[in-house]
Amino acid sequence: MSLLRVLRSLTAEPDDEAAKELRPVPWSESPFMSDPAIVDLSFTRKPHVLQLGSYIAQPSHHVKADSVASSQPLIEKSRMPKESDSAEEERERRRPPEWLAGGTFFDLAWTVTFSSLTSNTPISTPSTIASYGVFFTLCWWLWAGQVAYDTKYFTNDWFHRLMLLAQLAVFGSMAAFTKDFDPFSKNVNPKAGNIEDFQTEQYHRTAHLGISGLFAASRVLLAIAYIRVLFYAKKSRGMKGYCRPIYTQIATCLAAAALYGLAAIVVKVDLTYRSVVLRIALWFLAQIVEVGSFLFTPDIPLNLLINNRAPEMMSQRVATLTTIILGEGVNNVASVLVLAASAIGFGLYPSGSTAATSVIIAFSFLLYFDGWRPMAQHRRRSRVEFLLHFPLHVALVILMESLKNLLTLTSLCSTLWDFDYRQNHPTKGESNWNAMEAAYKHIGIALNKTLGVSASGVSIAASLAQYMSNDTPALSSPEVASNSIRGLDRVLTLAYQNILQQYQLPLSNDVSQNFTAYLSNINTAEPNLLIFDTSSGNYVPQALTISILNDQARSIMWIPVAAGVFLATMPLLALINSWIPKHRYGWGSVITRLVSATFVAVCYFAKQNGSVMDHVDKINAESFRALLLIPILVMASFLIQYVVDQFIFWIATRRHGQRRSRQGLT
């Protein structure tokens, strides 16, 4: 029977249900409802509906007051059943599939672009934070402007598939210009600088030129998409009188493209510092034009659109992007864990920072999705809610990057401590030389091979082994002594360099050049035993390593600031959506989150007067363990806030149930 059914299906025609799945993708499709399916409920064309609604909204003694809250039920009843059914059927038939309309692929492409910035430009100083802010502002609105279009006008056709491909090309190209991104760099003329800096400065200039051009291209693409929408709006009878918002959007996109293009011309033509100010001003002027248009351009009635759930879809898109940013943070932390687990010294401090980081990320997700935040009931408020996600996403990106730096710092310090402890504390039955040999072996350095032999053919490793075992009171000759000092200097420098490279830290050109220069000068410099005194500042590789640790530590101080902004933004979202909470439990959630945000942000200033935080500026690597206090405070705040939220919800539900019981309701 089954075989017969299979054979019949080979020649059978699809039924009506199956035919819906076989709809070919058209080249281009209108984003508007077909005219017969539109139910015109505009205020200007149906005055009798408004009058009837107003009349019923003021009921006489024949009508219960609470039975008619507004005119909306009457409007729904005024639809003809066939019209309503046909409109819904048309929307179901023409609405893009979820995998395409949801924009997940587009959101992932945007995240990859920004991830390229976080990978190539580590957070270390306020200037890098400012660079992050500039790039994130530009890229976030690049994403937001496209989302504002997609949620209303995206259709299941080849036009939008090709536009998606073009936007992906823009994001992919932009990722090429994120290495050491610095929009405030004064070196605008590479030919006027030092020859050794020419390549770096030329790349920065090319990056600013490329970013300006790519932003201009993206706005031109968006203008083309809106022109296509206008073409279909002109053909739709229902859109008569509603085309002005589309004209505004086209003008906005073209104006922004012109400003970005002008910024590219400034970068190309003007080789003075004035071009930096002009370029940044033009970038942000284009942003202001687009954001102003987004906030104040009136909307097209939703009943005219195939995508009639635009506000809801915008909320879903920002929630999806929040999830992706958190997921990218987890991925970054996991990449550091892989490096730390393969290194020596993965002990208490890396484990503690890993636990704190995991809790912060997990409760960031829970606080965002599991908190009290009603849906926006007004379309303008939904736009403000959308824009308020900008500081939330900035805070999340900086928080995730700072947590990654925290884990890198604690793991790196733990490796350095373990290396130092291993070479200075022989185990039972080991000599001092055996302990040193084992310590270097753990970080991939073979002492015998690296130390080599003296000019007279004496093995330096063998001589040092005898000397450190106290078998001989001194090294065999001044030549061997000099070569031994230089050899130990070389292997210790290589040890620092290997450990830094093991964690894939992006070393600056100056640091790399200093390591290289120090290694090349070892053979010619006078041997000095003081260079092994790593407690002093005389040992250059040790000082370079400490400077790198300080860069990582400074970024960790942004953890409480970013966490505070994240916590403060969520109650603001709730206030925007509900405007005024209708009950005390909503106020309780808002106020407690603002208090938590204030407490977490104030932790940043503890460094100014707290003796624990002052350790970050000392040269001793052991002092960096004190930085664990910062993520512990943030972790505790997130955890306590979530417990408080759930307690408020439990109290509210319990009191509501008791009140209904007293009223005799079930």
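Backbone N, Cα and C atoms are what each Cβ position is placed from, and that goes for glycine too.
Where the annotation comes from TrEMBL, it is an automatic prediction and has not been curated.
Here is what TrEMBL records for this protein:
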type	residues	note
REGION	63-95	region 'Disordered'
COMPBIAS	76-95	compositional bias 'Basic and acidic residues'
TRANSMEM	129-149	transmembrane segment
TRANSMEM	158-177	transmembrane segment
TRANSMEM	211-233	transmembrane segment
TRANSMEM	245-265	transmembrane segment
TRANSMEM	277-297	transmembrane segment
TRANSMEM	318-349	transmembrane segment
TRANSMEM	355-372	transmembrane segment
TRANSMEM	556-575	transmembrane segment
TRANSMEM	587-607	transmembrane segment
TRANSMEM	627-652	transmembrane segment
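Contact count against the transmembrane segment (587-607) (Cβ pairs under 8 Å) is highest for 627-652, out of 129-149, 211-233, 318-349, 627-652.
The recorded stretches the transmembrane segment (211-233) and the transmembrane segment (129-149) share 3+ CB pairs below 8 A when only pairs 6 or more apart in sequence are counted, and are therefore in contact. Distant neighbours of the transmembrane segment (277-297): 134, 137-138, 141, 144-145, 148, 183-184, 208, 212, 215, 219, 245, 248-249, 252-253, 255-256, 259-260, 262-263, 266-267, 270, 380, 383-384, 387; these residues of the same chain sit at least 6 beyond its ends, with a Cβ under 8 Å from one of its Cβ atoms.
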